[in-house]
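A short write-up of the structure that comes next.
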(Lines of atoms letter the chains of each structure in order from A and count residues from 1; the text may use other names and numbers.)
(Lines give C-alpha, C1' and ligand atoms only; values in the text may rest on other atoms or scores of the structure.)
Protein backbone atom coordinates (compact mmCIF):
# COMPACT_ATOMS: atom_id res chain seq x y z
CA UNK A 1 0.00 0.00 0.00
CA UNK A 2 1.36 3.42 -0.90
CA UNK A 3 1.52 6.22 1.66
CA UNK A 4 0.46 9.73 0.77
CA UNK A 5 3.34 11.94 -0.33
CA UNK A 6 4.39 14.98 1.71
CA UNK A 7 3.23 18.35 0.32
CA UNK A 8 6.76 19.74 0.25
CA UNK A 9 8.02 16.84 -1.93
CA UNK A 10 4.98 17.03 -4.16
CA UNK A 11 5.59 20.78 -4.60
CA UNK A 12 9.14 20.04 -5.79
CA UNK A 13 7.92 17.28 -8.13
CA UNK A 14 5.39 19.46 -9.92
CA UNK A 15 7.29 22.78 -9.75
CA UNK A 16 7.67 24.57 -13.08
CA UNK A 17 11.24 24.96 -14.32
CA UNK A 18 12.45 28.21 -12.77
CA UNK A 19 15.52 30.24 -11.91
CA UNK A 20 16.59 28.19 -8.87
CA UNK A 21 16.87 25.07 -11.06
CA UNK A 22 19.44 26.82 -13.25
CA UNK A 23 21.42 28.21 -10.31
CA UNK A 24 21.52 24.68 -8.85
CA UNK A 25 22.85 23.34 -12.18
CA UNK A 26 25.61 25.99 -12.27
CA UNK A 27 26.57 25.56 -8.59
CA UNK A 28 26.66 21.77 -8.82
CA UNK A 29 28.06 21.78 -12.35
CA UNK A 30 31.06 23.94 -11.51
CA UNK A 31 32.39 21.09 -9.41
CA UNK A 32 32.26 18.88 -12.50
CA UNK A 33 33.81 21.56 -14.65
CA UNK A 34 36.76 21.57 -12.21
CA UNK A 35 36.78 17.76 -11.98
CA UNK A 36 37.07 17.32 -15.73
CA UNK A 37 39.63 20.10 -16.06
CA UNK A 38 41.82 18.63 -13.32
CA UNK A 39 41.58 15.00 -14.35
CA UNK A 40 42.20 15.61 -18.05
CA UNK A 41 44.73 18.46 -17.94
CA UNK A 42 47.30 16.02 -16.58
CA UNK A 43 47.14 14.09 -19.86
CA UNK A 44 48.15 17.34 -21.61
CA UNK A 45 51.31 17.83 -19.62
CA UNK A 46 52.70 14.29 -19.14
CA UNK A 47 54.88 14.53 -22.26
CA UNK A 48 56.26 17.86 -21.03
CA UNK A 49 57.05 16.39 -17.60
CA UNK A 50 58.99 13.62 -19.36
CA UNK A 51 61.08 16.14 -21.31
CA UNK A 52 61.81 18.33 -18.28
CA UNK A 53 62.56 15.71 -15.64
CA UNK A 54 63.59 12.58 -17.56
CA UNK A 55 65.91 13.81 -20.31
CA UNK A 56 68.39 11.12 -21.40
CA UNK A 57 71.75 12.33 -22.73
CA UNK A 58 72.42 11.52 -26.41
CA UNK A 59 69.00 9.84 -26.85
CA UNK A 60 67.38 10.07 -30.29
CA UNK A 61 63.96 10.74 -28.67
CA UNK A 62 62.95 13.30 -26.00
CA UNK A 63 62.66 12.07 -22.42
CA UNK A 64 59.42 10.37 -21.38
CA UNK A 65 58.04 9.46 -17.96
CA UNK A 66 59.06 5.92 -16.93
CA UNK A 67 56.05 3.53 -16.98
CA UNK A 68 55.67 3.39 -13.20
CA UNK A 69 55.84 7.21 -12.88
CA UNK A 70 53.43 7.73 -15.78
CA UNK A 71 50.98 5.25 -14.24
CA UNK A 72 51.28 6.96 -10.84
CA UNK A 73 50.80 10.52 -12.17
CA UNK A 74 47.81 9.49 -14.31
CA UNK A 75 46.27 7.05 -11.88
CA UNK A 76 46.77 8.45 -8.40
CA UNK A 77 43.93 10.98 -8.83
CA UNK A 78 41.62 8.09 -9.79
CA UNK A 79 42.52 6.21 -6.60
CA UNK A 80 41.74 9.39 -4.64
CA UNK A 81 38.45 9.83 -6.53
CA UNK A 82 37.38 6.27 -5.78
CA UNK A 83 38.08 6.76 -2.04
CA UNK A 84 36.30 10.14 -2.06
CA UNK A 85 33.21 8.72 -3.77
CA UNK A 86 32.78 6.03 -1.13
CA UNK A 87 33.62 8.25 1.85
CA UNK A 88 31.65 11.39 0.93
CA UNK A 89 28.77 9.31 -0.48
CA UNK A 90 28.41 7.69 2.95
CA UNK A 91 28.92 11.02 4.74
CA UNK A 92 26.28 12.73 2.59
CA UNK A 93 23.66 10.30 3.91
CA UNK A 94 24.92 10.54 7.49
CA UNK A 95 25.38 14.33 7.94
CA UNK A 96 23.30 15.74 5.08
CA UNK A 97 24.21 16.80 1.56
CA UNK A 98 24.84 20.45 2.30
CA UNK A 99 27.21 20.04 5.26
CA UNK A 100 29.62 17.97 3.20
CA UNK A 101 29.26 19.92 -0.05
CA UNK A 102 31.61 22.80 0.78
CA UNK A 103 34.28 20.43 2.14
CA UNK A 104 34.79 18.67 -1.19
CA UNK A 105 35.18 22.00 -3.01
CA UNK A 106 37.76 23.32 -0.54
CA UNK A 107 39.85 20.15 -0.88
CA UNK A 108 39.78 20.60 -4.68
CA UNK A 109 40.90 24.23 -4.52
CA UNK A 110 43.77 23.64 -2.07
CA UNK A 111 45.06 20.53 -3.87
CA UNK A 112 44.87 22.07 -7.38
CA UNK A 113 47.10 24.92 -6.23
CA UNK A 114 49.38 22.58 -4.28
CA UNK A 115 49.78 20.25 -7.31
CA UNK A 116 51.15 23.17 -9.33
CA UNK A 117 53.57 24.06 -6.52
CA UNK A 118 55.09 20.55 -6.43
CA UNK A 119 58.67 20.98 -5.33
CA UNK A 120 61.88 19.00 -4.88
CA UNK A 121 65.53 18.87 -5.87
CA UNK A 122 65.25 15.67 -7.88
CA UNK A 123 62.70 14.49 -10.48
CA UNK A 124 61.65 11.76 -8.03
CA UNK A 125 60.75 14.21 -5.26
CA UNK A 126 58.81 16.50 -7.66
CA UNK A 127 56.78 13.52 -8.91
CA UNK A 128 56.16 12.24 -5.37
CA UNK A 129 54.83 15.64 -4.25
CA UNK A 130 52.70 15.93 -7.39
CA UNK A 131 51.24 12.46 -6.84
CA UNK A 132 50.53 13.18 -3.16
CA UNK A 133 48.50 16.31 -3.92
CA UNK A 134 46.78 14.73 -6.91
CA UNK A 135 45.56 11.88 -4.70
CA UNK A 136 43.87 14.37 -2.35
CA UNK A 137 42.62 16.40 -5.30
CA UNK A 138 40.94 13.20 -6.52
CA UNK A 139 39.52 12.64 -3.03
CA UNK A 140 37.71 16.00 -3.20
CA UNK A 141 36.60 15.37 -6.78
CA UNK A 142 35.23 11.97 -5.74
CA UNK A 143 32.97 13.57 -3.15
CA UNK A 144 31.43 15.78 -5.79
CA UNK A 145 29.97 12.85 -7.75
CA UNK A 146 27.41 11.49 -5.25
CA UNK A 147 26.69 14.88 -3.66
CA UNK A 148 26.07 16.86 -6.87
CA UNK A 149 23.94 14.12 -8.40
CA UNK A 150 21.88 13.62 -5.25
CA UNK A 151 21.37 17.34 -4.61
CA UNK A 152 20.26 17.94 -8.20
CA UNK A 153 17.91 14.95 -8.27
CA UNK A 154 16.33 15.99 -4.96
CA UNK A 155 15.86 19.60 -6.09
CA UNK A 156 14.48 18.83 -9.56
CA UNK A 157 10.90 18.32 -10.69
CA UNK A 158 9.96 14.89 -12.03
CA UNK A 159 9.28 16.08 -15.58
CA UNK A 160 12.79 17.43 -16.32
CA UNK A 161 14.85 15.75 -13.59
CA UNK A 162 16.93 13.68 -16.04
CA UNK A 163 17.88 16.76 -18.06
CA UNK A 164 18.92 18.68 -14.92
CA UNK A 165 21.14 15.91 -13.53
CA UNK A 166 22.61 15.33 -17.01
CA UNK A 167 23.27 19.09 -17.36
CA UNK A 168 25.33 19.04 -14.15
CA UNK A 169 27.36 16.16 -15.58
CA UNK A 170 27.60 17.85 -18.98
CA UNK A 171 29.66 20.63 -17.42
CA UNK A 172 32.47 18.06 -17.65
CA UNK A 173 32.51 18.62 -21.40
CA UNK A 174 33.21 22.31 -20.87
CA UNK A 175 35.90 21.43 -18.32
CA UNK A 176 37.72 19.25 -20.86
CA UNK A 177 37.31 21.98 -23.47
CA UNK A 178 38.59 24.66 -21.09
CA UNK A 179 41.60 22.49 -20.21
CA UNK A 180 42.53 22.17 -23.87
CA UNK A 181 41.91 25.82 -24.73
CA UNK A 182 43.83 27.15 -21.74
CA UNK A 183 46.78 24.90 -22.57
CA UNK A 184 46.73 26.26 -26.15
CA UNK A 185 46.78 29.86 -24.85
CA UNK A 186 49.56 29.26 -22.31
CA UNK A 187 51.75 27.24 -24.69
CA UNK A 188 51.26 29.82 -27.51
CA UNK A 189 52.28 32.66 -25.18
CA UNK A 190 55.38 30.82 -23.98
CA UNK A 191 56.25 29.68 -27.51
CA UNK A 192 56.14 33.29 -28.74
CA UNK A 193 58.28 34.56 -25.86
CA UNK A 194 60.75 31.68 -25.50
CA UNK A 195 61.22 30.15 -28.92
CA UNK A 196 63.43 27.06 -29.06
CA UNK A 197 64.80 24.70 -31.75
CA UNK A 198 63.32 21.21 -32.30
CA UNK A 199 64.69 18.32 -30.22
CA UNK A 200 66.57 16.78 -33.18
CA UNK A 201 68.41 20.09 -33.75
CA UNK A 202 69.32 20.81 -30.11
CA UNK A 203 68.20 18.19 -27.53
CA UNK A 204 69.00 20.37 -24.48
CA UNK A 205 67.93 23.72 -25.95
CA UNK A 206 64.55 22.36 -27.16
CA UNK A 207 63.25 22.42 -23.57
CA UNK A 208 63.62 25.98 -22.29
CA UNK A 209 63.86 26.38 -18.47
CA UNK A 210 60.59 28.38 -18.54
CA UNK A 211 58.73 25.26 -19.76
CA UNK A 212 58.58 24.22 -16.10
CA UNK A 213 56.09 27.06 -15.52
CA UNK A 214 53.80 25.90 -18.34
CA UNK A 215 52.57 22.71 -16.68
CA UNK A 216 52.34 24.37 -13.25
CA UNK A 217 50.14 27.20 -14.55
CA UNK A 218 47.88 24.77 -16.45
CA UNK A 219 47.41 22.56 -13.36
CA UNK A 220 46.82 25.43 -10.90
CA UNK A 221 44.17 27.28 -12.88
CA UNK A 222 41.81 24.37 -12.13
CA UNK A 223 41.27 25.91 -8.70
CA UNK A 224 39.58 29.05 -10.05
CA UNK A 225 36.09 27.83 -11.07
CA UNK A 226 35.75 25.84 -7.84
CA UNK A 227 36.74 28.83 -5.73
CA UNK A 228 34.18 31.04 -7.49
CA UNK A 229 31.25 28.77 -6.57
CA UNK A 230 32.19 28.09 -2.93
CA UNK A 231 30.12 30.96 -1.53
CA UNK A 232 27.00 29.89 -3.45
CA UNK A 233 27.35 26.30 -2.32
CA UNK A 234 27.37 27.44 1.28
CA UNK A 235 24.16 29.44 0.75
CA UNK A 236 22.14 26.54 -0.71
CA UNK A 237 19.61 25.11 1.77
CA UNK A 238 19.67 21.39 2.59
CA UNK A 239 17.50 19.37 0.19
CA UNK A 240 13.91 18.92 1.37
CA UNK A 241 14.07 15.17 0.80
CA UNK A 242 16.99 14.80 3.19
CA UNK A 243 15.47 17.13 5.80
CA UNK A 244 12.01 15.53 5.67
CA UNK A 245 12.71 11.86 4.94
CA UNK A 246 16.07 11.30 6.65
CA UNK A 247 16.34 14.00 9.33
CA UNK A 248 12.54 13.78 9.86
CA UNK A 249 12.13 17.55 10.15
CA UNK A 250 9.15 18.44 7.94
CA UNK A 251 8.90 21.95 9.38
CA UNK A 252 12.44 22.88 8.30
CA UNK A 253 11.96 21.23 4.88
CA UNK A 254 8.78 23.25 4.27
CA UNK A 255 10.43 26.50 5.42
CA UNK A 256 13.49 25.96 3.18
CA UNK A 257 11.48 25.07 0.10
CA UNK A 258 8.95 27.89 0.68
CA UNK A 259 11.89 30.28 0.22
CA UNK A 260 13.27 28.45 -2.79
CA UNK A 261 9.94 28.00 -4.59
CA UNK A 262 8.61 31.36 -3.34
CA UNK A 263 5.30 29.82 -2.35
CA UNK A 264 3.70 28.86 0.96
CA UNK A 265 4.13 25.16 1.82
CA UNK A 266 2.42 23.53 4.75
CA UNK A 267 4.69 21.69 7.20
CA UNK A 268 3.34 18.20 7.91
CA UNK A 269 5.38 17.01 10.87
CA UNK A 270 2.63 14.63 11.93
CA UNK A 271 2.74 12.85 8.57
CA UNK A 272 6.53 12.41 8.88
CA UNK A 273 6.18 10.90 12.35
CA UNK A 274 3.41 8.58 11.21
CA UNK A 275 5.60 7.42 8.32
CA UNK A 276 7.85 5.52 10.74
CA UNK A 277 6.44 2.15 9.68
CA UNK A 278 7.99 -0.92 11.34
CA UNK A 279 9.99 -2.85 8.75
CA UNK A 280 10.46 0.06 6.35
CA UNK A 281 13.67 1.14 8.07
CA UNK A 282 15.91 -1.64 6.74
CA UNK A 283 19.70 -1.11 6.63
CA UNK A 284 22.02 -0.84 3.66
CA UNK A 285 22.96 -4.36 2.42
CA UNK A 286 20.33 -5.95 4.67
CA UNK A 287 18.31 -8.84 3.24
CA UNK A 288 15.39 -6.48 2.59
CA UNK A 289 17.67 -3.95 0.82
CA UNK A 290 19.16 -6.68 -1.41
CA UNK A 291 15.69 -8.02 -2.16
CA UNK A 292 14.40 -4.57 -3.21
CA UNK A 293 17.49 -2.90 -4.66
CA UNK A 294 20.23 -5.54 -4.99
CA UNK A 295 19.84 -6.08 -8.75
CA UNK A 296 19.53 -2.33 -9.31
CA UNK A 297 22.83 -1.74 -7.50
CA UNK A 298 24.47 -4.54 -9.51
CA UNK A 299 23.14 -2.87 -12.68
CA UNK A 300 24.39 0.63 -11.84
CA UNK A 301 27.83 -0.57 -10.64
CA UNK A 302 28.50 -3.00 -13.51
CA UNK A 303 27.42 -0.65 -16.32
CA UNK A 304 29.47 2.23 -14.89
CA UNK A 305 32.48 -0.08 -14.42
CA UNK A 306 32.33 -1.32 -18.04
CA UNK A 307 31.69 2.13 -19.49
CA UNK A 308 34.67 3.69 -17.71
CA UNK A 309 37.08 0.96 -18.87
CA UNK A 310 36.32 1.99 -22.46
CA UNK A 311 35.89 5.70 -21.82
CA UNK A 312 39.09 6.38 -19.90
CA UNK A 313 41.34 4.11 -21.92
CA UNK A 314 40.38 6.19 -24.96
CA UNK A 315 40.44 9.57 -23.31
CA UNK A 316 43.69 9.45 -21.38
CA UNK A 317 45.59 8.07 -24.33
CA UNK A 318 44.14 10.23 -27.06
CA UNK A 319 47.54 11.77 -27.60
CA UNK A 320 49.11 8.34 -28.21
CA UNK A 321 46.40 7.44 -30.72
CA UNK A 322 46.88 10.80 -32.46
CA UNK A 323 50.64 10.21 -32.64
CA UNK A 324 50.09 6.68 -33.95
CA UNK A 325 47.96 7.93 -36.86
CA UNK A 326 50.21 10.95 -37.47
CA UNK A 327 47.96 13.79 -36.24
CA UNK A 328 50.76 14.88 -33.93
CA UNK A 329 54.22 14.91 -35.57
CA UNK A 330 57.07 12.79 -34.10
CA UNK A 331 58.23 14.26 -30.75
CA UNK A 332 61.81 14.83 -31.95
CA UNK A 333 60.62 17.25 -34.67
CA UNK A 334 59.16 19.67 -32.06
CA UNK A 335 60.38 21.58 -29.05
CA UNK A 336 58.80 20.96 -25.62
CA UNK A 337 56.25 23.78 -25.63
CA UNK A 338 55.27 23.11 -29.25
CA UNK A 339 54.39 19.54 -28.28
CA UNK A 340 52.02 20.73 -25.51
CA UNK A 341 50.37 23.04 -28.06
CA UNK A 342 49.88 20.24 -30.62
CA UNK A 343 48.45 17.74 -28.08
CA UNK A 344 46.13 20.41 -26.61
CA UNK A 345 44.92 21.38 -30.07
CA UNK A 346 44.05 17.80 -31.01
CA UNK A 347 42.27 17.19 -27.69
CA UNK A 348 40.29 20.43 -27.97
CA UNK A 349 39.16 19.54 -31.49
CA UNK A 350 37.83 16.16 -30.33
CA UNK A 351 36.10 17.81 -27.35
CA UNK A 352 34.53 20.47 -29.56
CA UNK A 353 33.33 18.07 -32.25
CA UNK A 354 32.16 15.08 -30.25
CA UNK A 355 32.49 15.28 -26.46
CA UNK A 356 30.55 18.48 -25.77
CA UNK A 357 27.73 17.86 -28.32
CA UNK A 358 27.24 14.31 -26.97
CA UNK A 359 26.62 15.53 -23.42
CA UNK A 360 24.05 18.10 -24.51
CA UNK A 361 22.25 15.63 -26.77
CA UNK A 362 21.65 13.60 -23.61
CA UNK A 363 20.35 16.69 -21.81
CA UNK A 364 17.94 17.35 -24.68
CA UNK A 365 16.60 13.80 -25.07
CA UNK A 366 16.88 12.02 -21.71
CA UNK A 367 13.37 12.95 -20.55
CA UNK A 368 11.91 12.14 -23.97
CA UNK A 369 13.63 8.85 -24.83
CA UNK A 370 14.31 7.73 -21.26
CA UNK A 371 17.52 6.62 -19.53
CA UNK A 372 17.32 2.96 -20.55
CA UNK A 373 16.98 3.64 -24.30
CA UNK A 374 19.84 6.16 -24.36
CA UNK A 375 22.17 3.85 -22.41
CA UNK A 376 21.39 0.84 -24.59
CA UNK A 377 21.80 2.85 -27.79
CA UNK A 378 25.09 4.36 -26.58
CA UNK A 379 26.65 1.00 -25.68
CA UNK A 380 25.44 -0.49 -28.99
CA UNK A 381 27.03 2.22 -31.15
CA UNK A 382 30.23 2.25 -29.07
CA UNK A 383 30.53 -1.50 -29.72
CA UNK A 384 29.93 -1.06 -33.46
CA UNK A 385 32.42 1.82 -33.82
CA UNK A 386 35.11 0.11 -31.72
CA UNK A 387 35.01 -2.91 -34.03
CA UNK A 388 34.92 -0.59 -37.06
CA UNK A 389 38.22 0.90 -35.83
CA UNK A 390 39.78 -2.37 -34.72
CA UNK A 391 39.09 -4.88 -37.47
CA UNK A 392 40.46 -2.83 -40.42
CA UNK A 393 43.02 -1.07 -38.14
CA UNK A 394 45.87 -1.34 -40.69
CA UNK A 395 43.68 0.47 -43.24
CA UNK A 396 43.29 3.43 -40.85
CA UNK A 397 47.03 3.86 -40.34
CA UNK A 398 47.60 4.89 -43.98
CA UNK A 399 47.96 8.62 -44.40
CA UNK A 400 45.01 9.03 -46.78
CA UNK A 401 42.59 7.32 -44.36
CA UNK A 402 43.42 9.30 -41.23
CA UNK A 403 40.42 11.60 -41.41
CA UNK A 404 38.09 8.57 -41.49
CA UNK A 405 39.78 7.21 -38.37
CA UNK A 406 39.29 10.49 -36.51
CA UNK A 407 35.61 10.67 -37.59
CA UNK A 408 34.82 7.16 -36.27
CA UNK A 409 36.92 7.78 -33.16
CA UNK A 410 34.90 10.98 -32.54
CA UNK A 411 31.64 9.07 -33.02
CA UNK A 412 32.58 6.55 -30.29
CA UNK A 413 33.05 9.54 -27.99
CA UNK A 414 29.82 11.12 -29.11
CA UNK A 415 27.85 7.97 -28.29
CA UNK A 416 29.66 7.48 -24.99
CA UNK A 417 28.43 10.92 -23.93
CA UNK A 418 25.04 10.69 -25.66
CA UNK A 419 24.76 7.36 -23.91
CA UNK A 420 26.11 5.55 -20.87
CA UNK A 421 28.62 8.17 -19.73
CA UNK A 422 25.72 10.45 -18.81
CA UNK A 423 23.04 7.89 -17.90
CA UNK A 424 25.25 5.91 -15.49
CA UNK A 425 25.61 9.18 -13.55
CA UNK A 426 21.90 10.06 -13.64
CA UNK A 427 20.21 6.77 -12.72
CA UNK A 428 21.85 5.95 -9.34
CA UNK A 429 20.71 9.38 -8.09
CA UNK A 430 17.07 8.43 -8.76
CA UNK A 431 16.39 4.78 -8.01
CA UNK A 432 17.47 4.36 -4.36
CA UNK A 433 15.70 5.52 -1.15
CA UNK A 434 16.70 8.97 0.21
CA UNK A 435 18.60 7.57 3.19
CA UNK A 436 20.88 5.47 0.93
CA UNK A 437 20.82 7.63 -2.18
CA UNK A 438 24.18 9.36 -1.77
CA UNK A 439 25.90 6.14 -0.55
CA UNK A 440 24.58 4.02 -3.44
CA UNK A 441 25.55 6.70 -5.95
CA UNK A 442 29.03 6.78 -4.37
CA UNK A 443 29.33 2.97 -4.64
CA UNK A 444 28.22 3.04 -8.30
CA UNK A 445 30.62 5.90 -9.10
CA UNK A 446 33.50 4.16 -7.27
CA UNK A 447 32.86 1.06 -9.34
CA UNK A 448 33.15 3.29 -12.40
CA UNK A 449 36.46 4.69 -11.20
CA UNK A 450 37.70 1.14 -10.69
CA UNK A 451 36.90 0.65 -14.38
CA UNK A 452 38.78 3.87 -15.17
CA UNK A 453 41.84 2.52 -13.32
CA UNK A 454 41.62 -0.77 -15.26
CA UNK A 455 41.15 1.15 -18.52
CA UNK A 456 43.92 3.66 -17.90
CA UNK A 457 46.56 1.23 -16.63
CA UNK A 458 45.51 -1.80 -18.63
CA UNK A 459 45.53 0.15 -21.87
CA UNK A 460 48.93 1.67 -21.06
CA UNK A 461 50.46 -1.80 -21.19
CA UNK A 462 48.04 -3.54 -23.57
CA UNK A 463 48.40 -1.04 -26.42
CA UNK A 464 52.19 -1.40 -26.60
CA UNK A 465 53.57 -2.82 -29.85
CA UNK A 466 54.03 -6.60 -30.01
CA UNK A 467 57.57 -6.00 -31.28
CA UNK A 468 59.89 -5.32 -28.32
CA UNK A 469 61.97 -2.89 -30.42
CA UNK A 470 58.95 -0.66 -31.08
CA UNK A 471 57.55 -0.38 -27.53
CA UNK A 472 57.81 2.83 -25.49
CA UNK A 473 60.86 3.05 -23.21
CA UNK A 474 60.52 0.76 -20.20
CA UNK A 475 57.32 -1.03 -21.29
CA UNK A 476 57.04 -4.76 -22.03
CA UNK A 477 55.53 -5.72 -25.42
CA UNK A 478 51.70 -5.59 -25.44
CA UNK A 479 48.99 -6.83 -27.79
CA UNK A 480 49.06 -3.69 -29.96
CA UNK A 481 46.46 -0.97 -30.54
CA UNK A 482 44.34 -3.15 -32.86
CA UNK A 483 43.79 -5.96 -30.34
CA UNK A 484 43.28 -3.44 -27.52
CA UNK A 485 40.43 -1.88 -29.52
CA UNK A 486 38.87 -5.35 -29.99
CA UNK A 487 39.00 -5.88 -26.21
CA UNK A 488 37.24 -2.52 -25.71
CA UNK A 489 34.57 -3.55 -28.23
CA UNK A 490 33.84 -6.68 -26.16
CA UNK A 491 33.68 -4.58 -22.96
CA UNK A 492 31.07 -2.31 -24.58
CA UNK A 493 29.04 -5.35 -25.66
CA UNK A 494 28.92 -6.55 -22.03
CA UNK A 495 27.63 -3.06 -21.15
CA UNK A 496 24.61 -3.71 -23.41
CA UNK A 497 23.78 -6.89 -21.45
CA UNK A 498 24.11 -5.36 -17.97
CA UNK A 499 21.95 -2.37 -18.94
CA UNK A 500 18.92 -4.70 -18.68
CA UNK A 501 19.31 -4.75 -14.89
CA UNK A 502 18.70 -0.99 -14.62
CA UNK A 503 15.07 0.24 -14.25
CA UNK A 504 13.61 3.18 -16.18
CA UNK A 505 13.06 6.22 -13.94
CA UNK A 506 11.70 8.75 -16.46
CA UNK A 507 8.83 10.98 -15.33
CA UNK A 508 8.25 9.37 -11.93
CA UNK A 509 8.63 10.77 -8.43
CA UNK A 510 11.81 9.71 -6.56
CA UNK A 511 9.69 8.18 -3.80
CA UNK A 512 7.70 6.16 -6.34
CA UNK A 513 10.82 4.86 -8.13
CA UNK A 514 12.59 3.81 -4.93
CA UNK A 515 9.32 2.41 -3.48
CA UNK A 516 9.92 4.59 -0.43
CA UNK A 517 6.22 5.24 -0.08
CA UNK A 518 5.41 1.55 -0.08
CA UNK A 519 4.40 0.17 3.28
CA UNK A 520 5.34 -3.34 4.29
CA UNK A 521 2.54 -5.86 3.96
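Counting begins at 1 with the first residue displayed.
Cβ from N, Cα, C; glycine included.
TrEMBL entries are annotated by machine, without manual review.
Feature annotation from TrEMBL assigns transmembrane segment to 20-45, 100-120, 132-152, 164-190, 213-232, 348-366, 372-391, 403-422, 442-463, 484-502. Feature annotation from TrEMBL assigns domain 'Major facilitator superfamily (MFS) profile' to 24-507.
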Contact set, same chain, for the transmembrane segment (442-463): CB under 8 Å, 6 or more residues outside the stretch: 67, 70-71, 74-75, 78-79, 81-82, 85-90, 92, 142, 145-146, 297, 300-302, 304-313, 316-317, 320, 424-425, 428, 475-476, 478-481, 483-484, 487
Best-contacting stretch, by C-beta pairs under 8 Å, relative to the transmembrane segment (164-190) and drawn from 100-120, 132-152, 484-502: 132-152
Model confidence over the domain 'Major facilitator superfamily (MFS) profile' (24-507), averaged pLDDT: 88
